[in-house]
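S.K.: Straight out of Swiss-Prot:
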ACT_SITE  CYS184  active site, thioimide intermediate
ACT_SITE  ASP191  active site, proton donor
BINDING   ILE83, GLU84, SER85, HIS223, GLU224  substrate binding site
BINDING   SER85, LYS86, ARG252, GLY253  NADPH binding site
Amino acid sequence: MHPAAEHSPLGKSSEYIATYTPSLLFPISRAAKWAELGLTAQTLPYQGVDFWNCYELSWLLPSGKPVVAIAEFSIPADSPNIIESKSFKLYLNSLNQTAFATVEQVQTTLEQDLSTAAGKPVGVRIRSLSDIEGEGVATLPGVCIDDLDITVSSYDRPQPELLCCDESQIIEESVHSHLLKSNCPVTSQPDWGSVVVEYRGAALDHSSLLAYIVSFRQHSDFHEQCVERIFLDLQRLLKPEKLTVYARYVRRGGLDINPYRSTETLDVNNRRLARQ
């Protein structure tokens, strides 16, 4: 378990506070997890963002009438801190019985509080239900590798040694899998996700990639660090000209987390998948 996470509200019974309480937010430094991967804030080999989508945002108008909305949060991948997910939920719940004059006031409040917790500016977008109703669900780019036949014997740790490639072939492709699963490092609850790999480099063996993704199945780590580990393992193997790893996780407690790491300029459509 991440040492700071032991002191977070995750996995503990909590009082649900219904009036605005920004102190509920619990930041966790990224530094310890970066160190496990041999990284520091100054040596990150990627740029990126963590997209959080909130489906349970509500507050009151001055008249006392409730408003409901959906919010998108963009936390920079190089921010000093992540925000522990249960504390994020508790904080958002604290808006439920709080009056705001305008949606802009809600947005400004969220931007200020989340940026303070993350240690870097956090983007906030608040959308009405009617804005989203016609969007439907997205499909992931490239080839789905989930139907490949593989033999799996171990699930307790990520196994980069399973990965292999053909260095004689340099290709550019996108592949994806819906079989990503890891466990919360605090509660051991399952985290279900889909992952996209886009790259230009030595041709990656698809069966080996699928076996590697499945090897995360009993691994305990936060969503963000799982994606960073995948990125680094593929970067070491492929030595690619460009590489993007992007995961979309199933929501829990009204929030889903979608980490994006890339050697390239951010270019992603934050649209939900069928399981989200």
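Cβ atoms here come from the backbone N, Cα and C positions, even for glycine.
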S.K.: For GLY253 (NADPH binding site), what residues in its own chain, 6 or more apart in sequence, show a Cβ-Cβ distance under 8 Å?
M.R.: GLU56, SER85, LYS86, LYS89
S.K.: Rounded to a whole angstrom, what is the largest C-alpha distance between any two of the residues ILE83, GLU84, SER85, HIS223, GLU224 that the record assigns to substrate?
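M.R.: Taking every pair of listed residues, the largest Cα separation comes to 12 Å.
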S.K.: Could you measure between GLU84 (substrate binding site) and CYS184 (active site, thioimide intermediate) for me? Cα positions, answer in whole angstrom.
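M.R.: If we compare the Cα positions of GLU84 (substrate binding site) and CYS184 (active site, thioimide intermediate), the gap is 11 Å.
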S.K.: Apart from ILE83, GLU84, SER85, HIS223, GLU224, which residues in this chain have a Cβ no more than 8 Å from the mean position of the Cβ atoms of those residues at the substrate site?
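M.R.: For the substrate site, the extra neighbours are ILE28, ASP50, ILE82, PHE88, PHE222, ILE257.
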S.K.: Fill in the CA-CA distance, ARG252 (NADPH binding site) to GLU224 (substrate binding site), as an integer in Å.
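M.R.: Distance between the two Cα atoms comes out at 15 Å.
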S.K.: Please report the Cα separation of CYS184 (active site, thioimide intermediate) and the residue listed as 'active site, proton donor' in Å, rounded to an integer.
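M.R.: A Cα-Cα distance of 7 Å.
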S.K.: Looking only at C-alpha atoms, tell me how far GLU224 (substrate binding site) is from ASP191 (active site, proton donor), rounded to the nearest Å.
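M.R.: Just about 12 Å between their Cα atoms.
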S.K.: Residues with Cβ closer than 8 Å to the Cβ of ILE83 (substrate binding site), same chain and 6+ apart in sequence?
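M.R.: Result: LEU25, PHE26, PRO27, ILE28, ILE75, LEU114, ALA117, ALA118.
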S.K.: If H, G and I count as helix, E and B as strand, and all else as coil, what does DSSP give for LYS86 (NADPH binding site)?
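M.R.: The residue in question, LYS86 (NADPH binding site), is helix (DSSP, three-state).
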S.K.: Round to a whole number and give the Cα-to-Cα distance in Å for the pair the residue listed as 'active site, proton donor' and HIS223 (substrate binding site).
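M.R.: For the residue listed as 'active site, proton donor' versus HIS223 (substrate binding site), the Cα atoms are 8 Å apart.
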S.K.: Sort CYS184 (active site, thioimide intermediate) into helix, strand or coil using the DSSP assignment.
M.R.: coil
